[in-house]
Amino acid sequence: MAAVTPKLGRAQRLVVKIGSALLVNGAGLRAEWLRALCDDVAQARARGTDVVLVSSGAIALGRQVLGLPAGPLRVEQSQAAAAVGQIKLARAYEEALAPHGVKTAQLLVTLDDTTDRRRYLNSRATMQTLLGLGVVPIVNENDTVATDEIRFGDNDRLAAQIAVTCGADQLLLLSDVDGLYTANPKTDPTARHLPVVGQITPEIEAMGGDPISGVSKGGMKTKLLAARTAVAGGCAMAIAEGSVLNPLSAVAQGARVTWFLPDTDPQAARKRWIAAMKPKGEITVDAGAALALGQGKSLLPAGVTAVSGRFGRGDPVVVLDGKGGRLASGLVRYSSTEARAIAGHRSDEIEGILGYPGRAALIHRDDMVV
């Protein structure tokens, strides 16, 4: 695959990670900068690009509101600051995007929400629904409960996981550096900027350093970990200096960044991931369902004739035809017990059978490899 440097303005789905040092300074929220960023977000949406924002800053804002001292905080202090700051952060984004007629939603997640299969499917479905409704999700770590994330500052990696979860083709990490260098440019005058990284080698990983800012906790090492996750999921990732006003416009107009290139597209990477999973059960379907799967449609309960194995929601299963031939593999949206109960029934009968509303498809086409 030829290495083609991505163009930010051509993204179909863009995830933008905003570091604390960009959003918050000693005086509080950088309101003018945030308004300019949201101007860029509105312009991107007008071009037809879905946008998801992964924003740090809740703890930094909360500690200012609470008057907590400078320096490291105890875990319970960080959690308290996050609880206060999350409200302020969500309101700030809502107010900055409202003049553009853009609705926002707050999603508080942890890395577990994107790595556990059941929670992954729920997160993906929620995000897809929000984006389909024209909403800009504002994602942050749930720092009020996620003590490990507070200690290690994983918002860079969280952004990469979110990008993979929602099938983004581009991830932009806005930070206080303009990309990856061969050494720390603030201490080594011979350091060279790398505009494109085609493969994350041990030599590239060795270029990671420690955080420079006193506000942001994410250093280059976490950004390289994020890049590895993103490109494995088919998502191109860029590291850009974001302190300027209208940072997305600046990147689109050629500002210096480092792009990390994937070797596949998001959908192909996702299909490969699903195909590699060991199935926990089998679902046998009739001829009509088999034909529908061949046409790229989702698997509905009505076409299911048998369910074997024991599996939970989000687990991988294999789909077989009436003769035992393999048709597809995918992530199932119901447990084996639920699947047996609704097998052969129409989707509009699910609530009456299970006692609660469910999803129309047993396996959605986006979660299936035929």
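Backbone N, Cα and C define each Cβ position, glycine as well.
As written in Swiss-Prot, here are the features:
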BINDING   Lys17, Ser175, Asp176  ATP binding site
BINDING   Ser56, Asp143, Asn155  substrate binding site
DOMAIN    280-357  domain 'PUA'
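Swiss-Prot feature annotations superimposed on the structure.
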residue	record	DSSP class
Lys17	ATP binding site	strand
Ser56	substrate binding site	coil
Asp143	substrate binding site	coil
Asn155	substrate binding site	helix
Ser175	ATP binding site	strand
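When the neighbouring Cβ atoms lying within 10 Å are counted for each of the binding-site residues (Asp143, Asp176), the highest count belongs to Asp143. Comment: substrate site residues Ser56, Asp143, Asn155; largest CA to CA distance 10 Å, whole number.
Non-local neighbourhood of Lys17 (ATP binding site): Leu53, Val54, Ser55, Ser56, Asn155, Asp156, Ala159, Leu171, Leu172, Leu173, Leu174, each in the same chain, at least six residues away, with C-beta under 8 Å from its C-beta. Across the domain 'PUA' (280-357), the DSSP tally of helix, strand and coil residues reads 26 helix, 23 strand, 29 coil. You'll find the Cα of Ser175 (ATP binding site) roughly 20 Å from the Cα of Asp143 (substrate binding site). Comparing Asp143 (substrate binding site) with Asp176 (ATP binding site), their Cα atoms are 22 Å apart once rounded.
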